[in-house]
């Protein structure tokens, strides 16, 4: 009876802990992306004739962080990185706010002396937001603290870890309690731990709860970002400076949410693994079997995947090669997280290339949708000659887009898209882009009905995001999931960067066709 009560209590506490983790992922996704989206919402207010320039400022620093992170993240402690992200959010708001004040003062005096100073401050502030967003997304836990290396993972990669390792332990708290009990009684805790491994992988297949929660939070960030600006500017009459000044409070909530909701949970799981390390080393020494080999035998799905899924064969080959060649004798935890650190630069590059079935759709869908956002939608208005009308359509079309993103990014637990469907969605997004370009020039269906395809653009973009990363989390071997998700995250940034550069010329050409002045660059055609 006592054991039954303790088991029920353990299950209840584990369920509550799992719910807290999922909520934390949702909230950290919201807080991480909301300021970034807010800057996009403010783009016409910052520079109406060069919206794509604001988008570029909101993208290039983040892309540099994602590309260079593996070379310097291990030299900076995680807490300091999170502090950097929070501080960057504050600095960004102050720069954009004070830059807007200078801009407003110049306009009031009808002078151009300090116009460039105000604009430069605003663009630098937007760059800090880009740095913060990518640093916060990419900078999520350094794993296995007692080794001389660290595995860098994005929020999505961390979500993949929670889905694959930590949450299953919480959901299977009874089995996990038996593991701990057997460890205390001196039984074979290593093999008992792997009794729950097939169920762990099955849970990952059936439900990517943390990835979906984080994706849903980032999707809602779009609605919050545009809605927040609209509420404060229209309902309260606040200008750009005061709107962004108020975002400073997001920084404290951002850090607190991660520390209390995610860092402690991962730290407790890591500590539990280290407590059991001694017993597992004894078992490994007795069996003279490397832990990586045990890992392979414990994941039958990886063997099926090696036979049936060509898209991940390169990754599985690396796992098998590592299993056959490694002489490392350590714990199961080290085996899981050692593999990415043991790969050579050439092997890392081959692994990144092997992710093309997921990265190409991500690149295409992001390139197409941000060409629409930064280039096409900023040049549509009713009437198009009115700058106010163009700003109004830009706002509502992006808001509808963000609603679509939120809906689709929240659907990760409802269904799992196959690779053909994953590739179909970017193709439909390209068709959507062509439709908007033609409409902006020839003005057929030129009305507020255009908000409907803008909503569909959000559905397609958010769908590729959550389904793409969920498929990586399901298809890749456990040993490579965090590394694969982190690497694939560069694809969307490259797509946005390509779109932002192209959008400068797209907006210019549409301006030219509609006889509108104020474009930053000249249209290269016509």
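Including glycine, each Cβ sits where the backbone N, Cα and C put it.
Predicted, not measured: the structure shown is a model, and the values here were computed from it.
As stated in TrEMBL, the feature transmembrane segment covers range 115-135 out of the listed 10-30, 115-135. The transmembrane segment annotation in TrEMBL falls on one of the ranges 191-209, 210-228, 267-285, namely 210-228.
Of the given residue ranges 240-263, 288-311, TrEMBL assigns the label transmembrane segment to 240-263. Within the set 82-103, 148-169, the record from TrEMBL flags 82-103 under the feature transmembrane segment. By the Cβ criterion (under 8 Å, sequence separation of 6 or more), the transmembrane segment (210-228) is in contact with the transmembrane segment (36-56), since 3+ such pairs are found. Looking at which of 36-56, 82-103, 115-135, 419-441 has the most CB pairs under 8 Å to the transmembrane segment (240-263), the answer is the stretch 82-103. Residues of the same chain lying 6 or more positions beyond the ends of the transmembrane segment (82-103) and with a Cβ under 8 Å from any Cβ of it are 35, 39, 42, 45-46, 76, 114-115, 117-122, 124-129, 131-132, 135-136, 139, 239-242, 244-245, 247-248, 250-252, 254-255, 258-259. Here the transmembrane segment (447-466) has long-range neighbours at 211-212, 215, 219, 222, 361-362, 365-366, 369, 372, 377, 380, 382, 393, 396-398, 400-409, 411-412, 417, 422, 425-426, 428-429, 432, 435-436, 439, 492, meaning same-chain residues at least 6 beyond its ends whose C-beta is under 8 angstroms from one of its own.
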